[in-house]
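Record features, source TrEMBL:
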type: DOMAIN; residues: 34-162; note: domain 'Tripartite ATP-independent periplasmic transporters DctQ component'
type: TRANSMEM; residues: 25-46; note: transmembrane segment
type: TRANSMEM; residues: 58-76; note: transmembrane segment
type: TRANSMEM; residues: 97-118; note: transmembrane segment
type: TRANSMEM; residues: 138-159; note: transmembrane segment
Amino acid sequence: MFGAVAEMTGFIILASLFFEKLSRVLVSIMVGAMLVVVLSQVVFRYLLQSPLPWSEELARYLMIWAACLAGANAYADKAHVTVNIITRSIAGRMERFVNVGIHAVVATLMLVIFYQGWKLALKVSDQLSPAMSISMFWTYSSVPVGAGMTFTHALRLLLQTLFSPDTRDTVLME
């Protein structure tokens, strides 16, 4: 029994770390591509007097994807804004209990967002974007992908909080 739990915990930690590294690379590529697209649009619009009809749409979709992936990484890094008045005033087991509760609520919420986001992405899959004529599924699928990654990170942090020898919410594998 405990061997299976340890194996699953190891898998979740590895998956979370893999998603974190993958999304950092993807976000960097997306932000770089966004920069190139926006600068190209400026050149084409103001210097060549011939604007690109698809550039604003592509930049917007890249930004949406980058935000969803970066949001997941921010959760993994504990970089989101938090109200920590309560957690700063408690220590020991109670602090661990509060942190377990926070990660459990986030994981549950991410499952709901994943499910509803996937349903919405499938629902709009027949719609085409106005300028690029690509399926809106690709834009809307950023929500379940980001939620799925955040869910994995929340599970990792939950397990690390539960099984960490320290009472602080530590990261075991940095």
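First residue shown is number 1, and so on along the chain.
Using N, Cα and C of the backbone, Cβ positions are placed for all residues, glycine too.
Predicted, not measured: the structure shown is a model, and the values here were computed from it.
Listed stretches 58-76, 97-118, 138-159 were compared with the transmembrane segment (25-46); the greatest number of C-beta pairs under 8 angstroms is found for 58-76. Cβ atoms under 8 Å from those of the transmembrane segment (58-76) belong to residues 16, 19-20, 23-24, 26-27, 30-31, 33-34, 37-38, 41, 106, 129, 131-132, 138-139, 142-143, 145-147, 149-150, 153-154, 156-157 of the same chain, restricted to positions at least 6 beyond its ends. Counted with DSSP, the domain 'Tripartite ATP-independent periplasmic transporters DctQ component' (34-162) comes out as 97 helix, 2 strand, 30 coil. On the 0 to 100 pLDDT scale, the model's mean across the domain 'Tripartite ATP-independent periplasmic transporters DctQ component' (34-162) is 93.
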